[in-house]
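A.B. asks: Pasting the relevant annotations from TrEMBL:
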- 39-61: region 'Disordered' (REGION)
- 78-99: transmembrane segment (TRANSMEM)
- 120-143: transmembrane segment (TRANSMEM)
- 203-228: transmembrane segment (TRANSMEM)
- 248-268: transmembrane segment (TRANSMEM)
């Protein structure tokens, strides 16, 4: 589904800056940026060891944090530039294919290697969360990345009869524009030179692209159902020595149903983030 880790790049730049010993006023966040409160809160914790640290540790820690901060920032900048370039290559390949062939049939096959490589490469975003250079939930990032991996490898790659469906083009176009915008946003944020257009695009394009991408994913899974039911692919039938059964057909139905509660939550969350970032609104969350 749509990726909504809004604090990822800004938070990663902030985390790197904090390791480097920078004061909160020099972070890559504005007062209205998503993740600002969390990063400022973490900044308040710096150096507050209750006076228990030894003098030697006090001298070594800032240098160590500075080295880690520089390495983290350098790596995240490289990663986001590489991902921006990768999705740009994919976009150009899609446009060239359609201009030459005049049809979407065969489009997925022509770009599948690039798509698989860069989408699978995004698994590193989970690693970034695990090692702490991006202050985003490992669970949230894991779900978002794995949903893309699922669509790429377990749906469109594994079920070749659906590769020419129009719905595949829908989510491919939505993903590609979204990722070019998202990784550009992260890159410029890390470099502390974020053009307003990139910021504007990040918080406006999703209004159309997110529903289009979700529709493409759902329609693609729906198109796969007859084939999955007929072939029994990825299913485990009883009896077997493990006494375990699994039906991939019903798993796909449950997956489709999960979009119903999740999509509105994620979409309205993004709208709230848009108001905060572009209009400076203070959103007060109501307690349940």
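Yeah, the Cβs are placed from backbone N, Cα and C, and that goes for glycine too.
Curation plays no part in TrEMBL annotations; they are all automatic predictions.
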A.B. asks: Need a quick answer: max count of Cβ pairs under 8 Å to the transmembrane segment (120-143), which of 78-99, 203-228, 248-268 is it?
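C.D. replies: By Cβ pairs under 8 Å, 78-99 leads among 78-99, 203-228, 248-268.
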A.B. asks: Who are the chain neighbours of the transmembrane segment (248-268) in space, where the CB to CB distance is under 8 Å and they lie at least 6 residues beyond its ends?
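C.D. replies: Cβ under 8 Å, 6 or more out: 1-2, 4, 150, 210-211, 214, 217-218, 221-222, 224-225, 228-229, 232-235.
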